[in-house]
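*Asks:* Structure below; questions to follow.
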């Protein structure tokens with residue numbers, strides 16, 4: 001088994017010169033670049049291979065193949081850790097083997113269950129609608145643009161999605177279709193990069209186990225936000241590097257400071273929440289380290305100056321990177337606009353996450369991690385850093401609760417994956433240390449038996465986590481991926497139920513093209529079928545929900561404008577309102593008309609926004625309003641137009657199933 005003693009210097013080493021990293025800067029950069037390219041390329045190749053299996057769904061065949069493949073790979077990982085001779089002697093061959101193994105493990109576990117659909121987990125509904133809309137927008141725009149609104153800079157970080165747009169262009173796919181392979185590839189890249197980052201603080205074998213623990217944590221909470229998972233997966237090893245760098249005496253390596261700044265900047269352009277948490281964590285570490293130094297006799301002024309000079313390059317580097325994405329929004333005054341993005345309080349934010357109390361294998365791993373952190377916090381810098389991460393997550397939960405007094409939240413539930421990643425890695429280090437200790441106390445024969453037992457438990461526990469997510473944890477998201485509708489009006493099961501809104505997508509799009517004679521990116525839509533905006537680069541007059549709306553777009557004013565249009569007394573008045581609107585008015589309306597044979601249904605609050613059936617002679621558009629702190633955090637309401645308003649030469653109309661498409665001439 002690997003020797004666990006390098007996980008942190010002993011008590012006597014605290015005031016000696018401490019190296020912040022086990023790898024030279026040049027080697028680190030090379031490994032990060034080559035590992036990323038290898039993981040991305042291999043993952044894409046594997047995914048295209050999996051897509052050719054042609055297993056007819058519904059079937060348990062893909063899951064059976066995924067379990068078989070992951071079992072073999074887990075045996076290889078743990079066998080290689082125990083039997084060092086399994087590793088090739090050449091360094092780059094060893095690294096390549098690790099990259100290939102981690103990539104294959106992540107890719108097969110995710111891609112095989114989705115082999116028969118073009119959608120990622122979650123299908124095209126819920127939050128995926130906005131993610132696919134952003135990918136579609138970035139595939140059409142070389143310059144970052146808002147996912148929905150025309151002529152305003154983006155609010156949600158565009159870094160991950162902009163690169164996704166370039167990926168879609170590279171393979172010649174539409175943005176929505178490229179989302180699945182792009183997301184899976186990033187999950188694979190995250191695991192490989194985590195291995196290199198953990199190698200900065202741990203021996204290679206322990207770094208491999210830490211990367212595997214990180215991957216297991218990601219399968220529980222990180223996969224549904226593939227643009228957030230990389231910064232979550234890398235936060236723990238970067239936190240360890242930050243702790244060691246800020247603690248280094250007498251000087252901190254500049255390369256490490258710049259690397260920490262690059263990570264923080266990466267978080268800023270991909271997932272703002274992790275950026276804010278990273279800033280809080282880094283500053284908190286500096287405060288704790290400074291306090292400990294002062295208590296040991298260092299001067300207050302000298303300590304503050306030294307730590308400030310170490311934080312400065314981190315801040316400058318991350319700030320410069322962040323401005324690449326955020327500068328247009330800031331210059332447009334977005335910082336001073338009201339946003340509903342944080343108006344969300346699910347159960348996961350109301351209650352503290354306690355993964356260590358779960359009696360399942362992953363919970364036991366987290367419990368082992370908590371015990372190891374407490375025991376080793378005085379002797380291991382890695383334990384100190386991970387304990388700080390753990391404490392910071394709970395502090396964030398507390399701050400998020402206090403933020404309710406200001407009628408907002410800090411979306412604390414999104415940090416559960418960070419907590420579980422830190423505890424899982426700590427548990428891995430603790431269990432390795434325990435096995436090492438027991439081996440020293442046992443005879444050779446019993447030590448060998450203990451090693452075999454440890455490998456069996458490790459493989460079984462890891463497989464249990466992966467199997468649970470395949471069979472239960474992601475079952476509803478997988479179902480949506482097969483049942484939701486493609487833009488051609490069919491789903492992955494070749495179904496086309498005319499009662500489903502998605503069944504009309506192809507005809508709606510072709511009708512809009514016929515009536516306007518313009519490509520989608522030249523049209524602004526006011527639509528009650530928001531899936532159109534996910535599949536085609538139409539601009540939306542209104543975002544589906546205020547929580548994904550750009551603050552610069554003034555969601556509530558736009559909603560009031562739509563309601564004002566519905567109260568127009570005549571076609572002429574409506575046309576005049578549209579010409580003189582405060583915002584660029586829609587060229588196309590996609591509304592619902594009365595469906596014969598069905599009861600009129602126009603409630604003020606709906607459970608299903610697509611089930612409105614207005615009275616004969618009226619059209620309806622469904623809008624959403626912020627209902628925070630109620631859960632769900634939005635309520636849906638219809639805006640009803642008199643159909644006579646559009647019986648004028650200024651408009652051309654055409655019925656498409658339950659919808660009416662109206663284009664302005």
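Easy rule for this one: first residue shown is 1, then count along the chain.
Here the Cβ of each residue, glycine as well, is placed from N, Cα and C on the backbone.
Feature list, courtesy of TrEMBL:
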- 32-461: domain 'Arabinofuranosyltransferase AftA N-terminal' (DOMAIN)
- 32-53: transmembrane segment (TRANSMEM)
- 65-83: transmembrane segment (TRANSMEM)
- 95-114: transmembrane segment (TRANSMEM)
- 182-199: transmembrane segment (TRANSMEM)
- 206-223: transmembrane segment (TRANSMEM)
- 229-246: transmembrane segment (TRANSMEM)
- 255-271: transmembrane segment (TRANSMEM)
- 307-329: transmembrane segment (TRANSMEM)
- 385-405: transmembrane segment (TRANSMEM)
- 411-435: transmembrane segment (TRANSMEM)
- 447-466: transmembrane segment (TRANSMEM)
- 475-664: domain 'Arabinofuranosyltransferase AftA C-terminal' (DOMAIN)
*Asks:* Using a Cβ-Cβ cut-off of under 8 Å, list the residues of the same chain that are 6+ residues beyond the ends of the transmembrane segment (229-246) and lie near it.
*Replies:* 18-21, 186-187, 189-191, 193-194, 197-198, 200-201, 210, 214, 217-218, 222-223, 252-253, 256-257, 259-260, 263, 266-267, 270-271, 274-275, 277-278, 281-282, 285-286, 289, 307, 310, 381-382, 384-386, 388-389, 417-418, 421-422, 425
*Asks:* Are there residues at least 6 beyond the ends of the transmembrane segment (411-435) whose Cβ is under 8 Å from a Cβ of it, and what are they?
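*Replies:* Distant Cβ neighbours of the transmembrane segment (411-435) are 1-2, 4, 7, 198, 202, 206, 209-210, 212-214, 216-218, 220-222, 225, 228-229, 232-233, 235-236, 239, 273-274, 277, 342, 344, 346, 348-349, 353, 355-356, 362, 364-373, 375-376, 382-383, 386, 389-390, 393, 396-397, 399-401, 450-451, 454.
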*Asks:* Contact between the transmembrane segment (95-114) and the transmembrane segment (206-223) is defined here as three or more C-beta pairs under 8 Å separated by at least 6 residues; is that satisfied?
*Replies:* yes
*Asks:* May I ask which of the stretches 32-53, 95-114, 182-199, 307-329 has the most CB pairs under 8 A with the transmembrane segment (255-271)?
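*Replies:* Top-ranked stretch among 32-53, 95-114, 182-199, 307-329: 307-329.
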*Asks:* What parts of the chain pack near the transmembrane segment (95-114), using Cβ distances under 8 Å and only residues at least 6 beyond its ends?
*Replies:* 31, 34-35, 38-39, 42-43, 46-47, 50-51, 53, 62-63, 65-66, 69-70, 73-74, 76-77, 80, 87-88, 120-121, 180, 184-185, 187-188, 190-192, 195, 204, 208, 211-212, 215, 219, 223, 466, 470, 474, 478, 481
*Asks:* At a C-beta cut-off of under 8 Å, are there same-chain residues at least 6 beyond the transmembrane segment (32-53) that contact it? List them, or none.
*Replies:* 62, 65, 95-96, 99-100, 102-104, 106-108, 111-112, 115, 180-181, 184-185, 188-189, 191-193, 195-196
